[in-house]
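Asks: Take a look at this one; I'll ask things after.
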Amino acid sequence: MQIFVKTLTGKTITLEVEPSDTIENVKAKIQDKEGIPPDQQRLIFAGKQLEDGRTLSDYNIQKESTLHLVLRLRGGMQIFVKTLTGKTITLEVEPSDTIENVKAKIQDKEGIPPDQQRLIFAGKQLEDGRTLSDYNIQKESTLHLVLRLRGGMQIFVKTLTGKTITLEVEPSDTIENVKAKIQDKEGIPPDQQRLIFAGKQLEDGRTLSDYNIQKESTLHLVLRLRGGMQIFVKTLTGKTITLEVEPSDTIENVKAKIQDKEGIPPDQQRLIFAGKQLEDGRTLSDYNIQKESTLHLVLRLRGGMQIFVKTLTGKTITLEVEPSDTIENVKAKIQDKEGIPPDQQRLIFAGKQLEDGRTLSDYNIQKESTLHLVLRLRGGMQIFVKTLTGKTITLEVEPSDTIENVKAKIQDKEGIPPDQQRLIFAGKQLEDGRTLSDYNIQKESTLHLVLRLRGGMQIFVKTLTGKTITLEVEPSDTIENVKAKIQDKEGIPPDQQRLIFAGKQLEDGRTLSDYNIQKESTLHLVLRLRGGMQIFVKTLTGKTITLEVEPSDTIENVKAKIQDKEGIPPDQQRLIFAGKQLEDGRTLSDYNIQKESTLHLVLRLRGGMQIFVKTLTGKTITLEVEPSDTIENVKAKIQDKEGIPPDQQRLIFAGKQLEDGRTLSDYNIQKESTLHLVLRLRGGMQIFVKTLTGKTITLEVEPSDTIENVKAKIQDKEGIPPDQQRLIFAGKQLEDGRTLSDYNIQKESTLHLVLRLRGGV
């Protein structure tokens with residue numbers, strides 16, 4: 001078709017184009033005709049600046065449409081956009097770009113629709129029709145991006161006098177907006193207001209939805225204490241900075257003051273007091289930081305990295321993080337991607353539940369590590385705690401509360417510091433980082449509270465070489481603590497240590513006093529035989545069990561160990577590793593299961609069923625299956641019946657290709673469902689997919705894969721829904737129902753991935 005391009009001088013150029021031509025192609029055609037380099041061209045249609053990677057049809061540009069050509073002002077510039085998760089996006093813009101243009105660029109980079117974006121600069125929300133220069137936004141300025149949530153609601157604000165104020169708000173209102181509404185109602189200036197929710201001081205720039213404040217939530221209003229004070233900040237170089245602060249200043253405020261004095265950006269600062277990393281949203285008074293206290297300043301390690309988070313549904317999320325990110329930050333990033341509130345998230349790594357205030361580097365989580373995400377069970381319950389004096393305390397808890405939370409509740413009721421509490425259930429000492437549900441503590445269970453004996457003592461540890469190590473311990477130290485002390489002295493990892501006393505191997509969760517180990521007792525240290533190893537078994541409830549095994553153990557042996565720990569009969573256990581169901585008679589080494597591998601435990605559903613498999617020749621095969629059978633199992637049954645090797649089978653249900661490691665129930669395949677069997681063309685191959693951000697993804701495909709299959713693989717890797725993906729090859733947009741071979745896409749071809757504009761054609 002023909003289109004016209006009108007320049008500012010009034011000249012009109014005629015171009016021959018196709019709807020699938022990209023803006024980049026159009027600029028190349030203009031360069032051919034007029035000699036203007038593409039990087040100096042800006043094309044405008046219907047008041048919108050057109051982006052290089054998009055096509056004419058994306059913008060509904062039809063035959064004889066007229067585009068306007070504007071030459072770029074020299075003075076393109078970079079700006080930064082900071083999200084609530086702390087991630088910073090860099091954008092190439094011009095002073096004349098509208099806020100709408102900027103939101104479109106953010107959509108291209110992050111996939112967030114413009115109508116869900118609110119941009120804030122200098123405390124002001126920016127309007128779509130205005131330009132960056134209208135707001136005096138200059139190069140390297142930082143905008144803040146807040147996500148809009150839909151729908152108004154009422155909340156309550158309770159003052160210290162007991163008065164309750166009702167406010168009309170939206171989830172996307174900032175705390176600053178809320179304070180302005182309070183000023184309208186009560187006349188209290190915003191800078192004298194501190195708002196508290198769930199024990200946390202709320203920050204001006206954050207929104208109600210950031211804090212999970214929902215309809216009819218109650219905030220508490222506290223007036224700021226007047227009264228400044230000095231504190232000191234000590235850097236790693238030994239330099240001490242003096243700051244003027246107020247007890248009500250947030251850690252974020254303090255970091256801003258440090259930036260003013262020292263030029264260190266807040267996102268590179270970590271502040272430590274009393275051994276604890278301080279969180280941005282808390283105040284100095286929350287941490288009991290008083291006049292002339294000294295904080296320690298540590299610079300964040302540079303070096304972003306990717307980690308993976310695996311959910312119980314098998315979905316894997318990729319996150320951009322830094323080693324210095326706290327677990328709380330990671331949960332906020334997961335909330336941004338998946339919408340799961342942080343208080344419903346439990347993150348597990350190496351079998352351990354991760355605590356909010358600790359950092360990734362504290363847990364030695366490195367690039368491409370995989371965390372496991374378990375959702376907290378809803379549903380409060382009462383438990384009882386019995387003290388040695390016979391007194392019984394009643395506590396309101398949730399199954400997902402950690403032992404640490406429970407000790408804090410006991411401290412609230414009884415005033416006993418957590419570090420003096422030991423909680424016992426079913427004869428076992430409970431560990432701080434574990435949850436009530438990990439120990440199967442249910443409603444109306446009774447825990448026993450024992451106070452830790454004060455008073456350290458020395459014990460000796462004798463190694464097989466005859467060397468004797470002296471340790472300072474307390475009777476209430478766990479065996480795990482003792483192993484950590486040995487690691488500090490001797491460098492032997494705890495998982496290679498076995499401690500023996502009175503002929504008995506000591507268990508990690510028990511204490512020295514449980515074994516009657518007294519001062520000057522001698523323990524014997526034996527190193528674990530190589531070949532002995534730990535593996536993890538993850539259940540569908542998210543619980544992780546640790547087993548001591550050897551590579552030569554059979555799957556049958558492993559099931560027996562699980563029965564010992566969990567009481568589940570072996571014939572109800574199915575173990576899955578690397579997407580494969582493990583057979584009883586084989587060994588761990590047969591499956592290349594190594595130390596710290598994670599197996600998945602699925603309980604067998606009682607009740608087989610029949611399904612049908614229809615081939616391209618029209619033949620229908622009947623199979624006996626269970627909902628818990630994997631697709632791999634089904635292919636093996638087809639091989640038994642028809643002799644077709646599994647690697648030549650592709651199974652389709654409801655238009656979707658089924659993956660080997662998933663089960664029939666994952667795909668909601670029920671009795672008498674019909675699957676379709678397609679034979680694979682020989683010849684898997686790799687192709688590349690390049691995104692507009694420049695990232696390249698590698699995919700394993702076959703020439704017979706449909707474009708729909710390819711989009712599903714991209715979703716698995718990148719989390720981008722297929723309906724937001726457009727794939728371009730050789731300048732053409734690829735259609736879902738066609739195959740790679742239809743488009744002559746061969747091994748190592750590169751496709752281009754463009755995100756769909758909402759409402760595009």
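The backbone N, Cα and C atoms fix where each Cβ goes, and this holds for glycine too.
The following feature annotations were taken from Swiss-Prot:
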CROSSLNK  Lys6  ubiquitin cross-link
CROSSLNK  Lys11  ubiquitin cross-link
CROSSLNK  Lys27  ubiquitin cross-link
CROSSLNK  Lys29  ubiquitin cross-link
CROSSLNK  Lys33  ubiquitin cross-link
CROSSLNK  Lys48  ubiquitin cross-link
CROSSLNK  Lys63  ubiquitin cross-link
DOMAIN    305-380  domain 'Ubiquitin-like 5'
DOMAIN    457-532  domain 'Ubiquitin-like 7'
DOMAIN    685-760  domain 'Ubiquitin-like 10'
Asks: Provide, as an integer number of angstrom, the distance between the C-alpha atoms of Lys11 (ubiquitin cross-link) and Lys48 (ubiquitin cross-link).
Replies: 20
Asks: Listed recorded sites are Lys6, Lys48, Lys63; which of them have CA atoms within 10 A of the CA of Lys29 (ubiquitin cross-link)?
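Replies: Those close enough: none at all.
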Asks: Measuring C-alpha to C-alpha, could you say which of the recorded sites Lys6, Lys27, Lys33, Lys63 are within 10 Å of Lys48 (ubiquitin cross-link)?
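Replies: Hits: none.
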Asks: For a quick check of understanding: among the recorded sites Lys6, Lys11, Lys27, Lys63, which residue's Cβ has the most other Cβ atoms within 10 Å?
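Replies: When each Cβ's neighbours within 10 Å are tallied, Lys27 leads.
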Asks: According to DSSP, does Lys29 (ubiquitin cross-link) sit in a helix, a strand, or coil?
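Replies: Reduced to three states, the DSSP call for Lys29 (ubiquitin cross-link) is helix.
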Asks: To the nearest whole angstrom, state the Cα distance for the pair Lys27 (ubiquitin cross-link) and Lys33 (ubiquitin cross-link).
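Replies: Counting only the Cα atoms, the answer is 10 Å.
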Asks: Helix, strand or coil for Lys63 (ubiquitin cross-link)? Use DSSP.
Replies: coil
Asks: Which site among Lys29, Lys33, Lys48 has the most other CB atoms no more than 10 Å from its CB, taking these as recorded sites?
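Replies: Within the set of recorded sites, the most crowded position is Lys29.
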Asks: Express the distance between the Cα positions of Lys63 (ubiquitin cross-link) and Lys33 (ubiquitin cross-link) as a whole number of Å.
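Replies: Between the alpha carbons of Lys63 (ubiquitin cross-link) and Lys33 (ubiquitin cross-link) there are 19 Å.
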Asks: In whole Å, note down how far the CA of Lys33 (ubiquitin cross-link) lies from the CA of Lys6 (ubiquitin cross-link).
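Replies: If we compare the Cα positions of Lys6 (ubiquitin cross-link) and Lys33 (ubiquitin cross-link), the gap is 13 Å.
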Asks: What counts of helix, strand and coil residues does DSSP assign across the domain 'Ubiquitin-like 7' (457-532)?
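Replies: The breakdown for the domain 'Ubiquitin-like 7' (457-532) reads 18 helix, 30 strand, 28 coil.
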Asks: Which whole number is the mean pLDDT over the domain 'Ubiquitin-like 10' (685-760)?
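Replies: Here the predicted model's pLDDT, averaged over the domain 'Ubiquitin-like 10' (685-760), is 84.
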